[in-house]
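What follows is a single structure, written as structure tokens, with notes after it.
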Amino acid sequence: MLPQEVENILDVVIRHNTWRRKETINLIASENVMSPLAELVYINDLAGRYAEGIVGSRYYQGVRYVDILEDALSKKFANVLGARFVDVRPISGTIANLAAYFALVPEGGTVASLPIKYGGHISHNTVGGLKALRLKAVELPWDLENFNIDVDAARKLIEEKRPNLIILGASLYLFPHPVKEIAEVAKTVGAYVLHDSAHVFGLIVGGAFPNPLREGAHLTTASTHKTFPGPQGGVIATVLDEEKNSQIQRAVFPTFTSNYHLHRYAATYVTLVEMEVFGREYATRIVENARALAEALAAEGVPPVAERQGYTKTHQVAVDVSKFGGGDKVAALLEEANIIVNKNALPWDKSVLKPSGIRIGVQEMTRFGMGKDEMREIARFIARVLRGEDVNNIKRDVVEFRKSYLEIKYGFKISRDIVDKIFHSLNLYT
């Protein structure tokens, strides 16, 4: 028998699995689920191993298979993205960003980026990694009418402030940023352009969003677990020269990481192949579903932002819920009905700590096979909550609704033979 405290922890895990995997409508824009095969191969001996260094030059022995996995994954990403260099060792998108900043921006240098209220990620701002690296930040100007970077004002800012690095991409990201236009002015001041593709990485790989490396960015960073539905991890892809790529490598290790969470490599590779096979359909459906959900919410009297632009061209929908009590209140109320979203600041908010909005992402529910009709049903659930209907009644309806959407699509299945091979290799069968 297991100790009771262990049984208690196992029970928590099982209850969480059941709740989030089977009973909730998961609309967090930064999350997703792996395919059955990717989730299975995520369980491997590499979870407890180290491989400091780079392929072919390690500080540890016993890494022959690590080198095969890391080399294969890096080369495959490079081929898919059209990159000269890829580093898959960062353990998150934020670590990938920090390594890029450290390699490309001198101490005391300047970074131009979007503030949080305009969608910028914490790692793009002095509240996050920029402060730790003693870098200065200047805010890219925002065009509220077009819900995007103000190109003309940004051009003037870049020419005046002459930043070392310009960060595009965002945490709240509804429309592609003007990479080409910013890259052109960056060239005149010698600035690097980094596109943080964390949120839209799967859309890029699936061809539903512009590839920033082909639009003029010098490098892109990403996480591998949002619209790209793999395990949590990070990646850096560049079109830079060998010297700069080597600086990035040295920033990843030994500066910011020692262990690269090697057990994710195989699952990430499986996911990348899945995106080659299913990604175009999956990415297209994600964008279609986001637009359908936005239109349905508007019809229900819960209007998303950016109506003039068609609401969204990504997986995200942003809704101003100030008239319903604000982002904090609405996100908590929706969770009571088993609808999971996050509060989010909007450009007109005076404080990001008291946001007027919520952010919604459809990538996970799309992977469970939902389409436009289901998006309209989700909009009705959300509207019912905001109109004050008993959340317990809505919760029961949500749980019943999810029963029809439990199978993960756009990925590889598993067989008993594969399960046996993995478990026997780990000696998990007794």
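Cβ atoms are placed via backbone N, Cα and C, with glycine included.
DSSP classifies Gly120 ((6S)-5,6,7,8-tetrahydrofolate binding site) as coil under the three-state reduction. Taking all protein chains in view, 26 other C-beta atoms sit within 10 angstroms of the C-beta of Gly120 ((6S)-5,6,7,8-tetrahydrofolate binding site). Taken from Swiss-Prot, the feature (6S)-5,6,7,8-tetrahydrofolate binding site applies to Gly120, His121, Ile122, supported by sequence analysis.
The N6-(pyridoxal phosphate)lysine annotation in Swiss-Prot covers Lys226. Long-range Cβ contacts of Lys226 (N6-(pyridoxal phosphate)lysine) within its own chain (separation 6+, distance under 8 Å): Ala29, Ser30, Glu31, Asn32, Ala198, His199, Phe201, Gly202, His315, Gly361, Gln363. Secondary structure at Lys226 (N6-(pyridoxal phosphate)lysine), taken from DSSP and collapsed to helix, strand or coil, is coil.
Residues or ranges marked as site 'Plays an important role in substrate specificity' by Swiss-Prot on the basis of sequence analysis: His225.
On the backbone, the CA of Gly120 ((6S)-5,6,7,8-tetrahydrofolate binding site) and the CA of His225 (site 'Plays an important role in substrate specificity') stand 19 Å apart. The Cβ of His225 (site 'Plays an important role in substrate specificity') has 26 other Cβ atoms within 10 Å, all protein chains considered.
Of all the binding-site residues given, namely His121, Ile122, the one with the smallest number of surrounding CB atoms inside 10 A is Ile122.
Same-chain residues with CB within 8 A of the center of the Gly120, His121, Ile122 CB atoms, the (6S)-5,6,7,8-tetrahydrofolate site residues themselves not counted, are Ser113, Leu114, Ile116, Gly119, Ser123, His124, Asn125, Val127, Gly128, Ala170, Ser171.
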